[in-house]
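Report on the following structure.
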């Protein structure tokens, strides 16, 4: 009986950490489901959820679009344009274990913030389950321990409003390649801006998107 109970607790712990909890979207956590109008893992191509836990933001992402030797990223943009964005990214190399990082987008390239990733991401995970790439972790929303160089490259996302971008692309020899810009491989952008402060109601938003064809007009 003790062994059986322990097994149940272990299964519950794994599910708690590694499953996007869309049942409480709009009440206990914020959600962004792609494409617009999809309801759950059966018809959504990608889902992202976020939830505050004290000074941490728990982020979970799952996507049917991402395969081994690919990456995905969620960009946080103050102006609704790609560039000068903070990115929460997951890398899924063809061999070995995956990684979760924070990075910075300039107008032309992406810079992994190694110190910020080490200090501010806790319990990061990447895995494939039932044909879906899954990743996430706890993002500590406190930049004071970073050196000035990396601190200036990160938004304080607990302050202000942000459009979200979802992008994905291939990896070659462990390096990210640029995402596509048209069609199915183009980034998705949230229609509305979101706040990530712990006590503001928009932290529990159900976010809609600009579809990929419309992205070309931005």
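Positions of Cβ are set from backbone N, Cα and C atoms, glycine also.
Keep in mind that TrEMBL annotations are predicted by a computer and have not been checked by a curator.
The signal peptide feature in TrEMBL is assigned to 1-16.
What TrEMBL records for 44-169 is domain 'DOMON'.
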The domain 'DOMON' (44-169): DSSP-derived helix, strand, coil residue counts: 11 helix, 69 strand, 46 coil
For the domain 'DOMON' (44-169), the mean pLDDT of the predicted model: 93
